């Protein structure tokens, strides 16, 4: 019984087709179809070109692709094989998307007109998807463009035979062709090694030859780097990378790494044993999905870059200088306003407040038209209109800006470039729409605090984009106007003036008291404070000056009692003074973390001169330093014994006692570590409980700020594009109006001439009719 080839593709057939294409290529479809008992070569080729080809895009259609599809469908109707490579989809995908767009547009219009019918799903009219669905008994005409049918649990005998034959043929590596390929690979490897050996010998002999074994369109993996992306030439700051590397190197612990690798190996071994025990296909699918999710997360984390913020434009020093300049200017204004000279007061005005009468507002981006809907209306209007042979008006179509934006195969794109000052409307003194406003309004282009009207509208503002020649010509014209104005002044009257100089009066001299600069005052006060601190530090004890350790708790009474037991009265005084100093330092200057009890004892303040005299007397009473030979002899004597100091008392201890002591110490350390870990966990939970909401709020605000910034950038780009488009459209409108006026004038002239010709011809005809001969009583 012959087998009817065709029908729905199965998953097994798809896998066999992909494996056979990888072996036989894209030209031997007869050999590929020999592995599939139910498919023809034409069906195999169609299946590969319409579904299995990795270059086929199966993602959602973008707006640009829809616009390009509709425009090309208008230019080349029903030529889907030609449209498909331009759009980047298959012909069947283009046709289905085109029909779906038309159906969606028709459905929107029907819903807008209220053509929904009565309520209830059974009473509604069938949709486009319902109409295209296959009815029971119908055969899909294009099964190559549909997803594969899942494999059944129990395969047919024909499918099992086909699968086994395909496995055997695709796994054949001992045939003539496989042996020839292996032999060719071996010969290629031997040639490569021979060339390498020859090149090495020539290099040792001082001869360098260039390797030219690279083929066109291929890569030499021995010389080139796969997927290499060379950085842009230039200088880069690697300080952050070096600091990050040093930080990682300092915090790297090889022991932790070894323990982590060991634990990871143990966990992988346990997971492998557990996977072997799980035979459920759903469990296997879940594990595979989890692995894919981990891979995607790893890719996302590797793609994520560190946040690089720009350096501040103004530093702290510059801010301080700006503040000082403002204070100096304000002080000068105050002095000028307090002066008795009217001329000085007239030249000073208030420049401290801003003109906030015209606040700057963020412009709203204009609403955009639905280009896809307009193009669909054009297509429907062209398909549903009657023939042009019947006459009537043409169907109105959306063209120009309201269409898809395609003038050819590629869309229109406004290229943002630096404006040319000779071509932009900046030099036209604000003429024309889209020009930069040259007067003070919503966008102030001059100083908002111009009290003396120094910046006139149309003065320098109109020369923003002017060339140096234009600026020079304008200066010359202003100078000429000034000369003309001075020349037009009336001549002064001839009057004799007598000036009497007032008597010189000696003004009382007042001592000018200049206010000291804040920085100089701060520096002087800081030096005085540092000198006082240094002097106070020198008055302290040597223990405090050298920052030596001090006792946490001091029993002053016990120290006094011990000092009183000495026989020498001088030593008693010295011991009492030492006890007083120790107690004073421990109480007044405690160690960090210590909590002294009681109040610091008062010590007698000694004059600096008396203190220096006492130090001098002490130095005179101190014995001379020992000679280096004596110190060396004592050192050799103390280090001649190999026994460490303090270990003599441990010679008789038993080994078991030492082990027990060390075990007790180890247990105490472990208990302390566990207690510290528990305390840290509690603190971490407490902080997460108190600060979790703030962290989430900060993350949400950060995302909103980034989204708002992106939206603002897009709106600014759109605004600039539409401004450029508006200026170009205004220029084109004038040209088109002039051309239309010329055409209308030409048509009017021709019509007038034709009317004149018709009038003369009519008059001649009437004259001939009146003056002509009569025949049978009729003219």
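Cβ from N, Cα, C; glycine included.
The annotation domain 'HTH myb-type 1' is assigned in Swiss-Prot to 1-56 on the grounds of sequence analysis. Annotated DNA-binding region per Swiss-Prot: 29-52, 80-102, in sequence order. The domain 'HTH myb-type 2' annotation in Swiss-Prot covers 57-106 and rests on sequence analysis. Sequence annotations record features per position, and here Swiss-Prot assigns region 'Disordered' to 113-192, 246-284, 424-448, 497-525. Feature annotation from Swiss-Prot assigns compositional bias 'Basic and acidic residues' to 127-152, 246-256, 263-281. The coiled coil annotation in Swiss-Prot covers 157-204, 653-772.
Residues of the same chain lying 6 or more positions beyond the ends of the compositional bias 'Basic and acidic residues' (246-256) include none with a Cβ under 8 Å from any Cβ of it.
Taken as a whole, the domain 'HTH myb-type 2' (57-106) shows an average pLDDT of 91 in this prediction. Cβ atoms under 8 Å from those of the DNA-binding region (29-52) belong to residues 3-7, 9, 13-14, 16-18, 20-21, 90, 92, 142, 144-147, 158, 161-162, 165-166, 169-170 of the same chain, restricted to positions at least 6 beyond its ends. Counting residues per DSSP class in helix, strand and coil order gives 37 helix, 0 strand, 13 coil for the domain 'HTH myb-type 2' (57-106). Remark: secondary structure over the DNA-binding region (29-52) totals 17 helix, 0 strand, 7 coil, with classes taken from DSSP.
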